[in-house]
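**Student:** The GTP binding site annotation in Swiss-Prot covers 12-18, 40-42, Arg304, 330-332, 412-414 and rests on sequence analysis. Taken from Swiss-Prot, the feature Mg(2+) binding site covers Asp13, Gly40. Per Swiss-Prot, the feature IMP binding site maps to Asp13, Glu14, Gly15, Lys16, Asn38, Ala39, Gly40, His41, Thr128, Arg142, Gln223, Thr238, Arg302. The feature active site, proton acceptor is assigned by Swiss-Prot to Asp13, with sequence analysis given as support. As annotated by Swiss-Prot, active site, proton donor applies to His41, with the evidence given as sequence analysis. According to Swiss-Prot, the feature substrate binding site maps to Val298, Thr299, Thr300, Gly301, Arg302, Pro303, Arg304.
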Amino acid sequence: MPGIVLIGAQWGDEGKGKATDLIGTKVDYVARFNGGNNAGHTVVVGDESYALHLLPSGIISPTATPVIGNGVVVDPEVLLEEIEGLESRGIDCSRLLVSESAHVIAPYHRMIDKVTERFAGKKKIGTTGRGIGPAYADKINRVGIRIADLFHEDVLRDKVSNALHQKNQMLVKLYNRRAFDVEATVQELLEVGVKLKPYVANTSLILNNALDDGKTVLFEGGQATMLDIDHGTYPFVTSSNPTAGGACTGTGVGPTKIDRVIGVSKAYVTRVGEGPFPTELFDENGEWLRAQGHEYGVTTGRPRRCGWFDAVVNRYATQVNGLTDIVLTKLDVLTGLDEIPVCVAYDVNGVRYDDMPTDQSAFAAAKPIYGMMPGWSEDISQVHAFEDLPQTCQDYVKRLEELSGCRISAIGTGPQRDHIIEVHSLLD
């Protein structure tokens, strides 16, 4: 059975939680490989809605083992709160496995994230202020704390002391904030470590053994392609690699064990935070999409910026991820429009770009070149076969598939778990 990577093909919030839950009922492991609690996804099961931030979406499926890989940065308090919240609603979290090599978001990471963003002024990135970037920075600078360190008091104290020696000076002298007490920070981390210990494991070994034994593993990415630290709209990006390559480095599983890469795209586009967004709408159409799609961030509650489908972005996602399939979500949101614009290329200072400009100055200047598609008025939420969709709706999907350079294998037609059309099997 395969190793399957599921990633966002746009700027996030594409509906990966729903797609993961759909596939997760048929797989043995669901492994989160990047990011932290800056990523939010919602899974709807019947009348119940679950907003997840750090836990893999597969936690809702009773048959899958959820895994937090080494590429994730973990805020222990947030993780424990999320576990407690789900268990209070009857969800069994005892199956959860957390990599002992994952890095920890410490209290000082959150403070640094907030003050640096506040002082950035007009140059702010639009972070969630949850300490993700500073934790990854410590990881790269080799002064980070790993989950395994929470169980070795002397090691932990040494690492916290080393980190705070520099960070306290910055907080006090540059940002006029209070210094963190080393011992208080150590004790706080030790306490959460005790609670986390039952979940901690060598997840790389477990996942590799599972694949070798013929099990199916779903690798779940947080955020999305256009927020990738290397391939996204830098510097308005996240601090990790939400692209397909991150699935390997973020779990310790080699690329030869990946059989399928599925990208999730909305039938339109949204973005949260700062940064260029060529198809962004500033008129009543943008407000309409936001209202119809309930476009507010799961993690931040911020209203999302909305725009028409951008085929240049999707072609780029197909390229950098090696997509084999696309799950198209929220097609129902477009119901009622007479015409639907689709961005087929960019105009950059009079020059046509059919492909993504890697020069971010060019991308910031990109103006969308639209093709128009006829809309539909019928309710599609109860449609379960592609051929039963309105013809203009089918034509829209086929056009997006053609422009993206990748087949659309599943289509989301509403918020419920069963509001989806599986055109091609995502597991065969």
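Each residue's number is its place along the chain shown, starting with 1.
A Cβ is built for glycine as well, from the same backbone N, Cα and C atoms used for every other residue.
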**Student:** If you compare CA-to-CA distances from Asn38 (IMP binding site) to each of the binding-site residues Lys18, Leu331, Thr413, which comes out shortest?
**Tutor:** Lys18
**Student:** Tell me, how many other CB atoms lie within 10 A of the CB of Thr42 (GTP binding site), whichever protein chain they belong to?
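**Tutor:** I get 18 for this one.
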**Student:** About how far apart, in whole Å, are the alpha carbons (Cα) of His41 (active site, proton donor) and Gly12 (GTP binding site)?
**Tutor:** 9
**Student:** Taking only the Cα atoms, work out how far Arg304 (substrate binding site) lies from Thr413 (GTP binding site), in Å, as a whole number.
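**Tutor:** Spelling it out, the Cα of Arg304 (substrate binding site) and the Cα of Thr413 (GTP binding site) are 20 Å apart.
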**Student:** Please list, in sequence order, the residues in the chain of Gly15 (GTP binding site) that are at least six apart in sequence and whose C-beta is under 8 Å away from its C-beta.
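**Tutor:** Non-local contacts for Gly15 (GTP binding site): Val264, Lys266, Val327, Thr329, Lys330, Gly412.
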**Student:** Over all shown protein chains, what is the count of other CB atoms within 10 A of the CB belonging to Pro303 (substrate binding site)?
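**Tutor:** Its Cβ shell of radius 10 Å holds 14 other Cβ atoms.
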**Student:** Between Lys18 (GTP binding site) and Arg302 (IMP binding site), how many Å separate their Cα atoms?
**Tutor:** 20
**Student:** Want to know which binding-site residues, from Asp13, Gly301, Pro303, are within 10 Å of Thr42 (GTP binding site) at Cα; which are they?
**Tutor:** Asp13
**Student:** Could you state the CA-to-CA distance between Leu331 (GTP binding site) and Pro303 (substrate binding site) to the nearest Å?
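**Tutor:** Counting only the Cα atoms, the answer is 20 Å.
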**Student:** Return only the integer: C-alpha distance in Å from Gly12 (GTP binding site) to Gln223 (IMP binding site).
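**Tutor:** Here the two Cα atoms lie 5 Å apart.
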**Student:** By Cβ count within 10 Å, point out the most packed of the binding-site residues listed: Gly12, Gly301.
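**Tutor:** That would be Gly12, with the most Cβ atoms nearby.
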**Student:** Considering only the binding-site residues Asp13, Gly301, Pro303, Thr413, which fall within 10 Å of Gln223 (IMP binding site) when distances are taken between Cα atoms?
**Tutor:** Asp13
**Student:** Would you count the other CB atoms within 10 A of the CB of Asp13 (Mg(2+) binding site), including those on all shown protein chains?
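**Tutor:** Taking all protein chains shown, Asp13 (Mg(2+) binding site) has 29 Cβ neighbours within 10 Å.
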**Student:** Cβ-Cβ under 8 Å from Arg302 (IMP binding site), same chain, 6 or more residues apart: which ones?
**Tutor:** Val272, Gly273, Tyr296
